[in-house]
Amino acid sequence: MDTKSVAQALAWARQQLESMDEAAIDADIILSHVMGQSRTWLKTWPEHILSKQQFSHYQESIERRKQGEPTAYIIGEKDFWSLTLKVTQDTLIPRPETELLVELALQRIPETSDYKVADLGTGSGAIALALAKERPQAIIWALDMSEGALTVAQANAEHNKIDNVSFGRGNWLDGWQHGQLDMIVSNPPYVAPNDPHLADLVYEPVTALVAEDNGLSDIYTITQQAIQYLKPNGFLLFEHGYDQGSAVREVLHKAGFTKVETVKDYAGQDRVTLGKR
């Protein structure tokens, strides 16, 4: 095998991934991971020669990406909010649009109080940890049914030095014993079982994606539990699909929530619906 410089390796990878939307970015991110160097370093040292082991590792990683595996799973991490999070196939990959849910929650969480928040279906811990980072006085619980996901989320809390999140295994708020909450946030499964977009998500855990009743069954369950466990004037916030805003508003209205509204993401799509108890 010929030795390759950084520039040559990147050119090869971009050619391999040419049919993909973000070929150049993926090539950079994966090589940065393989080399243990920043993307800036790659640009600064284009003539640096990769070892045979490094290029072999890079080839294997690019082949995985070529087959459709998400870059975040290949390198084992994803940036979200101000955090770098470990991700595995036990967790969904945090999406940029979920930062809208974090923003809307932070607007309603006082900066200096022991505000009590539960993040249901925490996955990698992205939402809970972002909230905890910005509101260190808040008391936050992060719940998930998956032991694998909770292991990842706890590792992310340790890596990011966040200590105001408690983790627990549970089916939403079944058996909740920690008193009334000021806020419930969730990015629950909301994809309908027959949604054609599922074909693009084969690497991610289906249990974290799919819900019955046109993707609304878990949103309905959580809303019913929120009536029981939210304090008066407490908030419920959901991320949901681009075409579900009207249906989610109806669920919250029927449950007696007030000030129900849907907020669009930066692409102009309905993304978060919230209401007040």
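Even glycines carry a Cβ here, placed using N, Cα and C.
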S-adenosyl-L-methionine site partner of G121, T122, G123, S124, G125, D144, N187 according to TrEMBL, chosen from W81, W172, is W172
Candidates G121, T122, S124, namely the binding-site residues, that fall within 10 Å of P188 (substrate binding site) by Cα distance: G121, T122
Non-site residues, in chain order, whose CB comes within 8 A of the mean position of the CB atoms of N187, P188, P189, Y190 at substrate: G121, S186, V191, A208, L209, A211, G215, D218, I219, F238, E239, H240
As a whole number of Å, the Cα atom of S124 (S-adenosyl-L-methionine binding site) is distant from the Cα atom of Y190 (substrate binding site) by 17
Spatially, and counting Cα to Cα, which of the binding-site residues is closest to Y190 (substrate binding site)? Options: G121, T122, G123, D144. G121
